[in-house]
Amino acid sequence: MSWVPGEVENAHSSSVESCPSLRDVHSINPAQLMARIESYEGREKKGISDVRRTFCLFVTFDLLFITLLWIIELNVKGGIETALEKEVLQYDYSSSYFDIFLLAVFRFKVLILAYAMCRLRHWWAIAFTTAVTSAFLLAKVIISQLFSQGAFGYVLPIISFILAWIETWFLDFKVLPQEAEEENRFLIAQDASERAALLHPGVLSDGQFYSPPESVAGSDEDSEEKQDSEKPVV
């Protein structure tokens, strides 16, 4: 029967040693976890991620750049007022650049509405604008007589086509994957913090880490001494 207190002591000591290890494993950097969760929540409250904001800026740049090129083309033709009257009021599909400007406005409105105001997380809007842009520009280049009007007959359609496809690439390969990755990281950090809170709801007090009384640890030796003293002397 002398082995029972020894095993009790070993069990208590092993439990005491295991508690700090569990505490260290499941509460690894709780401050960092909370800071990370707060940063993700701050981004959600901010409403739009940095990479999505960059995409919206590029869409705005697309509109402004096409507008600038169109204004330069109007000046080259002999004055803005005369060229505007010819290209807008007397619109001709085969010779006017006004429709390319309207195409840039169309891309800007759809993409800003979808990805800035509605915060869409799908590629269908950019696929729609790029498909419409590509089809219109290909038809205009084939049917119209833009190439006979100088350098702008090449520049405006090509620049508009390239910018539309850069927007598609940027959204599909940068914006959507990065936002999905950030959302997964947020869910993982939130799950880890919840598990840590369930395993250790509060700070462990000193009373939870105790060792058995010395009397229990020394009871085996005391009982052996008593038995030796009670033996009759021969």
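Positions of Cβ are set from backbone N, Cα and C atoms, glycine also.
Summarising the annotation, TrEMBL assigns domain 'MENTAL' to 48-219.
What TrEMBL lists as transmembrane segment is 55-76 (among others).
Feature annotation from TrEMBL assigns transmembrane segment to 96-116 (among others).
Listed as Cβ neighbours of the transmembrane segment (123-145) (distance under 8 Å, sequence separation of 6 or more from its ends, same chain) are residues 93-95, 99-100, 103, 106-107, 110-111, 114-115, 157, 160-161, 164-165, 167-168, 171-172, 176. Residues annotated as transmembrane segment in TrEMBL: 123-145 (among others).
If you look up TrEMBL, you'll see 151-171 (among others) marked as transmembrane segment. Listed by sequence, the residues of this chain that lie at least six past the ends of the transmembrane segment (151-171) yet keep a Cβ under 8 A from its Cβ atoms are 54-55, 58-59, 62, 65-66, 69-70, 72-73, 76, 97, 100, 103-104, 107, 111, 115, 123, 126-127, 129-130, 133-134, 137, 140-141.
Positions annotated as region 'Disordered' by TrEMBL: 204-234.
Long-range contacts of the transmembrane segment (96-116) within the same chain: residues 48, 52, 55-56, 59-60, 62-63, 66-67, 70, 73, 86-88, 125-126, 128-129, 132-133, 136-137, 140, 146, 152, 156-157, 160, 164, 167, 171, 175, each at least 6 residues beyond the stretch ends and with a Cβ under 8 Å from a Cβ of the stretch.
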